[in-house]
């Protein structure tokens, strides 16, 4: 027992009470060995036997209480596992291991729950400690595979699951995990191939199917959401792509690629505040030259979005030609010209005159290559003392129409 060789000690203590059924110390030692190995029921029977032989034995009374507490921790842990309250299970197993220090079953349950909580290094450490003592322990092999699986190292994970099944062919958890790992890998690769082949609808569908395989695989699912978001962009489902990237970030807050993808979607949908926020997060995490440029570009677009949009005023796209700008100006200027609204109410006249001035202001900027270049670059037009001349002459529109 002092060498922590509890199974050998258990055999010796059992042999001692077979030789002398009334040997109180032998029953006490047997109970303590059972307790250290996590067999609380057998331990309780041994301590009960001691108390029958010596009712006032304080040590047996205390150890009997320890056995009862372990049984309670096991009951609470079992209930917690069913409710997916893995933190409670870890807590119960830690308390139980304080008494049953050599119980592999408790260690394995704790390691499995640590893996399900995403605490992979701790889970790996517990499983590795067991494998150093018993390299054929199927439960420990399963937990090692589970950690690798949840860290998106699927090929290595499958190797451990297969090894666990070789040691214990009826290991149901290892069989299920192995099946999920293979299915997840296959479906993800199918989706990637469809995307490479420009079959974006198929890729979107395959990524969606992959996401249903195992909700517990956080890292792989984060990548799947991001991949589906990329396919969504190709299918012009920008709002859905933003939702998918958000889902990926919720699963993995350190996933830079998802932030970048979402930021681009925000930019494409003119949600510049959100785009800047995402690019700031990326740059704080990885201060690269490329990320700095992306942040600056988003900040510029945000600044530009706060100004009056002259393109919208004229109802044209940002790539409009000089002729398209002129035609749009003529159309809008005629539409809002004060002479056309002379019979309207004073309120309407004021509103139309305001719009007419905006149209003239927009044309003044967009028809001048230098001003247009400064405007498109996000610079303030008054930086160099450039004042926008507002064309409010009632006859100018007719002169332009002739030209």
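Every residue gets a Cβ built from N, Cα and C, even glycine.
The domain 'J' annotation in TrEMBL covers 309-379. The repeat 'TPR' annotation in TrEMBL covers 24-57, 138-171, 184-217, 222-255, 256-289.
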Beyond the flanks of the repeat 'TPR' (138-171) by 6 or more, those residues with Cβ under 8 Å of it: 104-105, 108, 111-112, 115, 118, 120, 123-124, 126-128, 130-131, 177-178, 180-182, 184-185, 216-220, 223
PLDDT averaged over the residues of the repeat 'TPR' (222-255): 96
The repeat 'TPR' (222-255): DSSP-derived helix, strand, coil residue counts: 27 helix, 0 strand, 7 coil
